[in-house]
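A.B. asks: The structure that follows is given in the form of structure tokens.
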Amino acid sequence: MKKLVVIGDGGHSKVVRDIVLAGNEYEWIGTLDDKYASFIEKDERFSGPIHTVDRILERFGSQVYFVIAIGSNRIRKAVAEQLGIYDVKYAVLVHPSAIIGSNVNLLPGTVVMPGAIVNSSASIHTHCIINTNAVVEHDCILYSYVHLSPGAILAGNVTVLEGASIGIGAKMIPSVSAGEWSTVGAGAVVIRDIPPCCTAIGVPASPMKHIKSL
Ligand SMILES: CC(=O)SCCNC(=O)CCNC(=O)[C@H](O)C(C)(C)COP(=O)(O)OP(=O)(O)OC[C@H]1O[C@@H](n2cnc3c(N)ncnc32)[C@H](O)[C@@H]1OP(=O)(O)O
């Protein structure tokens, strides 16, 4: 089995570890998070602050892979940039109950949660989260650091640009797009393109008038 280090130790990380334990491709050997002040080895696993990634690369070399298990798209991107690890060192994690169609492209660092469906010819770039029971239909493109929340549904040919967050149970009709770092609110139905950095809510989805910074 390949060795896997999970980066981030919050709620999302718990679910990511469950995916690792449910599969038989990776062995979870440790967790890095800046809530740990120092590197500690215990019960054949270790924990430590994020900067100790260099120590792990030195010790395990080509055998070790990583996943950034942090739910915030912006923080996931910031940590990836801080670490500067080659993409090939990031695992793709797919829960055994997820369904992945033919010609689907899942790029490194992406996780696919229990019950999710990614249909034929969809392309999911690096460090995306396809959360529990989400559906990505045929020919969709999700750029890096996208989060598709639990129960969200993308119809065919939808494009979700970098860093966008699609809320719980939201839906997007065929061929629409969500702009870079946009947010689609929980339960929204997107029938027109969402501009970059916009938060859209409702049925049909429209931009919120007052936007807090996320
Ligand atoms: C495993 C996991 O947990 S994954 C987590 C996935 N997370 C999600 O799906 C969360 C998605 N987030 C949302 O839907 C949020 O409500 C957001 C981002 C759309 C808005 O958040 P905020 O900016 O904090 O908005 P806030 O809560 O202040 O609400 C502002 C107004 O919008 C309304 N509103 C907020 N969200 C929604 C929504 N999804 N649909 C309809 N109306 C909404 C509120 O009722 C409020 O209306 P009012 O001014 O008339 O009282």
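All positions are counted from 1 along the displayed chain.
Even glycines carry a Cβ here, placed using N, Cα and C.
So TrEMBL lists the following for this protein:
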DOMAIN    3-83  domain 'PglD N-terminal'
BINDING   G71  substrate binding site
ACT_SITE  H138  active site, proton acceptor
SITE      D139  site 'Increases basicity of active site His'
BINDING   H147, I168  acetyl-CoA binding site
A.B. asks: How long is the line from the C-alpha of H138 (active site, proton acceptor) to the C-alpha of H147 (acetyl-CoA binding site), rounded to the nearest angstrom?
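C.D. replies: A Cα-Cα distance of 18 Å.
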A.B. asks: In whole Å, how far does the CA atom of I168 (acetyl-CoA binding site) lie from that of G71 (substrate binding site)?
C.D. replies: 13
A.B. asks: In this structure, which of the recorded positions H138, H147 has the fewest other Cβ atoms within 10 Å of its Cβ?
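C.D. replies: Comparing Cβ neighbours within 10 Å for the recorded positions H138, H147, H138 has the fewest.
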A.B. asks: Measuring Cα to Cα, tell me the gap between G71 (substrate binding site) and H147 (acetyl-CoA binding site) in whole angstrom.
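C.D. replies: H147 (acetyl-CoA binding site) has its Cα 8 Å from the Cα of G71 (substrate binding site).
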A.B. asks: Round to a whole number and give the Cα-to-Cα distance in Å for the pair H147 (acetyl-CoA binding site) and D139 (site 'Increases basicity of active site His').
C.D. replies: 17
A.B. asks: Could you give the number of helix, strand and coil residues in the domain 'PglD N-terminal' (3-83) as assigned by DSSP?
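C.D. replies: Tallied per class, the domain 'PglD N-terminal' (3-83) gives 37 helix, 24 strand, 20 coil.
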A.B. asks: Near ligand 1, which of the recorded positions show up if the criterion is a Cβ under 6 Å from one of its atoms? Options: H138, D139, H147, I168.
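C.D. replies: Only I168 meet the Cβ criterion.
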A.B. asks: Using all protein chains in view, find how many other C-beta atoms are within 10 Å of the C-beta of D139 (site 'Increases basicity of active site His').
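C.D. replies: Its Cβ has 18 other Cβ atoms within 10 Å.
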A.B. asks: Can you count the other CB atoms that lie within 10 A of the CB of G71 (substrate binding site)?
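C.D. replies: The Cβ of G71 (substrate binding site) has 18 Cβ neighbours within 10 Å.
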A.B. asks: Would you mind pulling the DSSP three-state label for D139 (site 'Increases basicity of active site His')?
C.D. replies: coil
